[in-house]
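What TrEMBL records for this protein:
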type: REGION; residues: 1-20; note: region 'Disordered'
type: COMPBIAS; residues: 11-20; note: compositional bias 'Acidic residues'
type: REGION; residues: 29-58; note: region 'Disordered'
type: REPEAT; residues: 135-168; note: repeat 'WD'
type: REPEAT; residues: 185-216; note: repeat 'WD'
type: REPEAT; residues: 229-257; note: repeat 'WD'
type: REPEAT; residues: 369-391; note: repeat 'WD'
type: REPEAT; residues: 392-425; note: repeat 'WD'
């Protein structure tokens, strides 16, 4: 550990013609360039028969175009953040540096440790109690990580098709191999069972203490997100094709639900459940949220967005004087729904610049909601007055991921500015 303190230019073409050329020769030359000249009056017109069709881009060119657009958007975002918040006080209690964006974070239940994984192929664990950290680097992006319920183990999933189980001192207990990139990892809420989903559609379950494989649950469809139900009996997994499966690890059977027609494909982006209910919520790339009943295994309601062109990035639920659901979307808006009638009751504008909301976290049983966004800000909202009661910052670029430990009043964030941050509520 170490301390952390052709379009053709016709003018040029005509200039290059020899003065001795006949009119017929000139016409022939020009026709070869796709232009017809009326011999009578010399007027030019487009030869539609010879005009070129718009070029279709191949996959590589499309990828380059997407990358260019992302870079332009990133540049605009950073410029906005620096202009608006560059002189603000950095409210991070701790900053851990990486060499690329931090795309996953976790905080232990006891509030003693935070961890972050990055596109630079590394992860870092920081001890809040001892103000010490360690970092390790692997062969590919660290995509997800999670602490065990008793805060003694950390699971680190990577695009190198491996999940590593690590104790708090940084020693690797087990290296668990899959066949393809892992997208998410979780621990069972009551034990050391490691559960991880990969892009080949397999969900793997291992004993985190022994490293022994328990079972695999296969769908053949890339899984994008997964959650263990609060009682630990089932795994709810979302898939790239818009399906959701409720798996029973004991029987290796699942109940399948879908938010779209078989001919369509709408990616599931987020899933959340709360201990006091058998109703869960799903966020999707079509901008909508869906409520499902875990026991019945069916979609029971659709929470329609007023903007279906923007993907939902994070969802949440809270049981207050009524049952409320929340969604955070790419348009920078948090939508609050009444779950009983499916209507939007309020919209919170996290980012006036329409930068994406990346994470929302309601305080269960209390009228408080925390939101995080690509505008680099953290906001706490009073759900009664609908006002922002606290705003924090420090990152120099957007917050990609975040986790809140409400009991310990701590927040951990991962950012495009290549840092992990620790904030106090």
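Heads up, the Cβ atoms here are built off N, Cα and C, so glycines get one too.
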Checklist line | Long-range neighbours of the repeat 'WD' (135-168), counting only residues six or more past its ends (CB under 8 A) | finding: 103-110, 112-113, 115-125, 174-192, 194, 196, 198, 204, 206, 208, 211
Check: So how many of the residues in the repeat 'WD' (185-216) end up helix, strand or coil by DSSP?
Finding: 0 helix, 19 strand, 13 coil
Next item on the list: Sort out the residues at least 6 away from either end of the repeat 'WD' (392-425), same chain, that have Cβ-Cβ distances under 8 Å to it, and list them.
Entry: 74, 77-78, 81-82, 85, 88-111, 114-118, 120, 124, 126, 128, 355-356, 358-359, 361, 363-364, 370, 372-380
Notebook entry, point to check: Over the repeat 'WD' (185-216), what does the predicted model average in pLDDT?
Noted result: 98
Next item on the list: Could you put numbers on the helix, strand and coil content of the repeat 'WD' (369-391), residue by residue per DSSP?
Entry: 0 helix, 15 strand, 8 coil
Next item on the list: With DSSP as the reference, give the number of residues of the repeat 'WD' (229-257) in helix, strand and coil.
Entry: 0 helix, 16 strand, 13 coil
